[in-house]
Amino acid sequence: MFYWLYEQFAASGYVPILNLLKYQTFRTGLAIFTAQFVVVAMGSRFIRWMQAKQGKGQPIRAEGIERHVIEKAGTPTMGGVMILAGLLVGTLLWSDLSNPYVWAVVLVTAGYGLLGFTDDYAKVTRQTTAGVSGKIRLALEAFIAMAAVLIIIVFAQKPPENPELLTSVTFPIFKQYFVDLSWGYLLFGAFIIVGAANAVNFTDGLDGLATVPVMIAAAAYGLIAYLVGNYVFSNYLQLHFVPGVGEIAVFCGALIGSGLGFLWYNAPPAKIFMGDTGSLALGGAVGAVAVATRHEIVLAIIGGLFVAETLSVIIQVAWFKRTGRRIFLMAPIHHHFEKLGWSESTVVIRFWIVAIMLALVGLATLKLR
């Protein structure tokens, strides 16, 4: 919205300060502060309201960690509503709303947030850990993801040097190579977005565990978006130039700000859980940003923590079905370490460290070739 004001009045020279709004870095900073303020401001009242409405709070897995059943019982869920409020307000206020990349990632974030909310509502009202049918949810996730990818393919500005880049997969290190999937990119892009959403959903099992790694990934991809959306920087780093995608940095800033605001209430011991409302929305957002910037493969590195959590579940289920035995004491893998005797805070902080290191490795691939 404010970028529109800049476009309307900056040329007149009557309000010189509006010229600051042409800088994506300036608007990204404002998006961080705005989103954080919104979440912190609404947090206390929203949590009290959720406690009154939900009563027993989020159901805790009876077969899970014993102390969780005792310590976390009664904690309300759906805190993702707070995250979405800050994220969407920060994005809509400070980004260029004529940019199709912005609307694509907003569609995924809001759509997945709504799906997660429906899932959380079912769990709370039925007091069960099973929500909406997995197949139905997966189908809706795929539909929303393909709609977002279609927006990018149809409406985004085509790179002048490589117009086919909008439907292509690029590779880290091997920067000069890309594979044009044509309309098959709809399926590939949807796979990345759906996979990222559910990977973050698996990770969200301890206080603050998913929030910080998502912010780290958002910071990394915010930098990537700014670089590949700038012709000078992308040319220097020999990255594929993606015109217009730099605006995604503002969205990433709002994501970081909303995450910081939520962490104020989600730090151990959590006063509220983000629930599927938050984890699906945040994971989908990260996946959509990876698709928009054409750095989908790098997400496996930057989001390596989420990949590890997902693989631990897949391996555990597959091995148990085949042999009747478990490889991990409990999956996802963060619960395995709890079963080994690690405290919750130890698991969370060490996983944060891993997320930081993986993000740095992922960013390092921008320079390697």
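Placed from the backbone N, Cα and C atoms, the Cβ positions cover glycine too.
Bear in mind that the values here come from a model prediction, so they are computed numbers and not experimental data.
Copied over from Swiss-Prot, here are the features:
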- 30-50: transmembrane segment (TRANSMEM)
- 74-94: transmembrane segment (TRANSMEM)
- 97-117: transmembrane segment (TRANSMEM)
- 136-156: transmembrane segment (TRANSMEM)
- 177-197: transmembrane segment (TRANSMEM)
- 208-228: transmembrane segment (TRANSMEM)
- 244-264: transmembrane segment (TRANSMEM)
- 272-292: transmembrane segment (TRANSMEM)
- 297-317: transmembrane segment (TRANSMEM)
- 346-366: transmembrane segment (TRANSMEM)
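Contact between the transmembrane segment (97-117) and the transmembrane segment (208-228) is not supported, since fewer than 3 Cβ pairs fall under 8 Å when only residues 6 or more apart in sequence are counted.
Beyond the ends of the transmembrane segment (177-197), by six or more residues, the same chain brings 108, 112, 138, 141-142, 145-146, 148-150, 152-153, 162, 164-171, 240, 279-281, 283-284, 286-288, 290-291, 296, 299, 303, 306, 310 to within a C-beta distance below 8 angstroms of the stretch.
Away from its own ends, the transmembrane segment (30-50) comes close to residues 76-79, 81-83, 85-87, 89-91, 93-95, 250-251, 253-258, 260-262, 264-265, 271-272 of its chain (Cβ-Cβ under 8 Å, at least six residues beyond either end). Here the transmembrane segment (346-366) does not lie next to the transmembrane segment (74-94) in space: the count of CB pairs under 8 Å, restricted to residues six or more apart, is fewer than 3. Per-stretch counts of Cβ pairs under 8 Å to the transmembrane segment (74-94) identify 272-292 as the leading one among 136-156, 208-228, 272-292. Through the fold, the transmembrane segment (297-317) approaches residues 169-172, 192, 195-196, 198-200, 202-203, 213, 216-217, 220-221, 224, 283, 286-287, 290, 326-328, 331-334, 336, 351, 354-355, 358-359, 361-363, 365 of its own chain, all at least 6 residues removed from its boundaries and within a Cβ separation under 8 Å.
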